[in-house]
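In what follows, a structure is listed as structure tokens, so that the remarks can point back to it.
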Amino acid sequence: MKFTQTKKREENGNGWVVWTLFRPNLHFRTFLSDRWALISSGRASAVTSCFVYLLRLLTRPQQQDQKLPPTPAATDPPRHPTPSINFPLSRGRREIIADENQSRGGERGTQASNQRGIGSGTRRRRRRGMDFELRKAREKLEREQRERVQRAKAKADRERRAKAEAARRRDALEASHRERRLDAARAQEEAQQKMEEVMQLGKGISFSHMFEALRYDGPGDKIKLPPSSFKELSDEGALDKGPMYFRLSKVRDSVPGAPQDNDADEATCCGVLEFTAREGSAELTPHVWNNLFRGDSPDVPLIEVRYVSLPKGTCAKLKPEGVGFSDLPNHRAVLETALRNHATLSENDFVVVNYGQLQYKLKVLELKPASSVSVLETDVEVDIEGPDSVLDNVENQHVLVPLETGKVESGVVEEGKFRYYKFLVDEGMGEKVASRHANIEVKIETDTSGGDTDIYVSRHPLVFPTQHRHEWSSHEMGSKVLILKPRDASLASGTYSIGVYGFKGTTRYQLSVAIKDVLNGQRIGEQASASSSVDVDSVVCKNCKRYISSRTSLLHEAYCVRHNVVCMHDGCGVVLRKEEATDHVHCNKCGQAFQQREMEKHMKVFHEPLQCPCGVVLEKEDMVQHQSSTCPLRLIVCRFCGDTVQAGGEPLDARDRLRNMCEHESICGSRTAPCDSCGRSVMLKDMDIHVIAVHQKS
């Protein structure tokens with residue numbers, strides 16, 4: 001149950017208290033709609049009145065299906081009579097009830113006036129409730145009006161922004177269309193200008209295509225194009241205008257109109273070898289590839305191939321990238337041989353020249369009469385500039401350091417490395433050497449730090465002697481002297497090369513070359529040309545086999561037997577002191593005699609298998625013979641072109657083999673030249689036979 005106490009007003013000094021009792025709708029449904037006012041009196045307390053009222057309610061008969069009566073108005077009298085008490089009461093309780101009934105009649109007037117007061121309060125509350133509802137309705141109306149105004153403003157803002165966005169898009173679309181029209185006009189103008197340039201460069205032949213660049217191994221600068229290019233060039237009439245030349249330029253971006261890098265204009269020129277490449281691709285030689293793609297290797301290299309007409313070159317200026325090219329014998333002829341595989345030259349290109357196993361790069365600085373010229377069937381004046389600096393101390397650098405006769409040159413060589421020198425023997429000294437009145441002596445003195453060196457000497461055209469390509473060598477340990485005796489007396493004069501090889505450790509040395517007369521003193525390792533005369537009374541020592549005077553033979557034999565011993569190795573017979581005999585050994589393979597400490601070096605130098613670049617594996621002595629006579633990579637001076645080139649294998653023609661020609665001479669001699677007498681075109685290798693057979697009488 002829940003009670004609420006509300007103070008209504010005060011009258012006659014008494015407080016009016018209304019107690020409202022709410023009962024759950026469980027057993028007394030009629031009680032939920034009843035509302036009673038209990039008025040306290042002076043004689044009975046409010047608690048007693050409430051208790052009496054509750055007893056009356058409990059004794060009232062219950063009607064289950066009776067509807068709840070409406071709440072009585074404030075002015076209406078109470079509708080429910082006081083229920084009678086059906087159970088017996090005590091005398092005190094009966095007196096209390098009688099007193100209450102007597103006082104009820106006097107209090108009715110006061111209750112009526114109170115009911116009128118309660119009605120006026122209800123009306124005031126209703127008016128206040130109506131004012132509150134009106135105020136809420138007015139506030140709701142004002143709020144809805146504000147929301148409608150805000151929605152209208154937001155809609156107007158959206159419409160304004162939509163109109164502005166539409167105008168912006170319209171302007172952007174018009175600008176894009178205008179830019180496209182301008183780009184199309186520029187592209188058309190560029191295409192027309194490019195077509196004019198192509199027509200001008202090609203002398204009326206328009207050929208320009210984009211291909212994927214592929215690489216193939218081949219000499220020179222002649223590329224391979226697909227068969228469709230041959231048909232197009234044939235239809236254009238390019239075959240009737242002589243050799244075809246093309247300008248190659250790399251394409252960075254394959255998307256039309258995409259921005260390109262600054263170096264996208266790098267280009268080079270070339271010739272064409274054949275039309276056998278697959279469609280959509282062009283095959284480039286290493287020379288063309290390296291000049292076109294410098295320092296980068298794109299995943300999908302795209303190039304533009306354009307037909308051009310090039311003038312014949314008259315002058316070219318080249319500069320070696322490194323040092324040593326000018327040391328080659330007849331290096332201009334070597335360069336001319338390398339350029340025979342080229343059809344064009346372009347400025348800032350690099351030309352690679354191979355000389356045996358060495359490779360030199362020369363940069364094209366200047367060309368006349370244009371930046372790209374043709375070198376086919378023309379005479380070009382070549383000017384070769386010197387390098388920027390001489391790199392004498394660069395490791396593994398093939399450089400010939402000039403060495404003057406009679407002067408000492410100091411240096412340091414590391415293990416497994418070469419240091420090269422060159423010296424010149426003039427005609428006068430060459431005659432003395434050829435007549436055996438003088439010898440060329442190469443002397444090297446090393447320090448005692450534990451290192452060791454070898455000396456290899458050759459005569460040009462073999463510029464850089466190696467361990468198995470040389471003419472003279474010395475493998476003695478420590479300091480050594482090498483005496484050069486030319487095999488051909490007529491070839492004593494000329495340029496010689498010395499290679500100092502670091503056999504073990506890092507070695508400091510002093511190298512010198514001298515030409516000494518034979519009469520002034522005997523060279524190391526040489527015997528006297530004239531022997532002393534043998535006396536008549538001389539006898540042969542049984543131990544050392546030397547001729548001894550008969551007067552002192554007994555004394556000599558006694559001393560010789562005690563101190564000397566003869567080497568019993570087959571073919572040796574060297575007389576040694578007994579303390580030196582233990583250090584004297586012979587090689588099991590070649591039988592040569594050495595000291596014990598030199599045997600390891602001898603086995604490594606002379607009997608360790610070596611592999612030639614051509615694939616043959618031989619020992620040192622056989623390798624020297626192989627590379628001087630039968631190796632296809634050996635350098636020779638061609639009897640027809642006069643250049644120093646690789647010999648190659650045996651020629652296919654049996655007649656050329658009978659004439660002791662190599663493969664290069666057989667191919668080079670197959671070129672034709674007009675006869676000086678009759679003007680007929682005759683092969684160079686058959687020119688002597690033609691002269692003898694046809695023009696012998698004249």
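In case you wondered, yes, glycine gets a Cβ from its N, Cα and C as well.
Bear in mind that TrEMBL entries carry predicted annotations, made automatically and left uncurated.
Annotation comment: TrEMBL describes 63-181 as region 'Disordered'.
TrEMBL lists 92-107 (among others) with the feature compositional bias 'Basic and acidic residues'.
Secondary structure counts, DSSP: the compositional bias 'Basic and acidic residues' (129-181) has 53 helix, 0 strand, 0 coil. Here TrEMBL flags 129-181 (among others) as compositional bias 'Basic and acidic residues'.
If you look up TrEMBL, you'll see 219-311 marked as domain 'Ubiquitin fusion degradation protein UFD1 N-terminal subdomain 1'. In the predicted model, residues of the domain 'Ubiquitin fusion degradation protein UFD1 N-terminal subdomain 1' (219-311) average a pLDDT of 83.
Residues annotated as domain 'Ubiquitin fusion degradation protein UFD1 N-terminal subdomain 2' in TrEMBL: 312-387.
For the domain 'TRAFD1/XAF1 zinc finger' (661-690), same-chain residues at least 6 beyond its ends with a Cβ under 8 Å from one of its own Cβ atoms are 632, 636, 638-641, 645-653, 698. TrEMBL lists 661-690 with the feature domain 'TRAFD1/XAF1 zinc finger'.
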Structural state census, the domain 'Ubiquitin fusion degradation protein UFD1 N-terminal subdomain 1' (219-311) (DSSP three-state): 25 helix, 29 strand, 39 coil
Secondary structure tally of the domain 'TRAFD1/XAF1 zinc finger' (661-690) (DSSP, helix then strand then coil): 13 helix, 6 strand, 11 coil
DSSP-assigned states of the domain 'Ubiquitin fusion degradation protein UFD1 N-terminal subdomain 2' (312-387) in counts, ordered helix, strand, coil: 12 helix, 34 strand, 30 coil
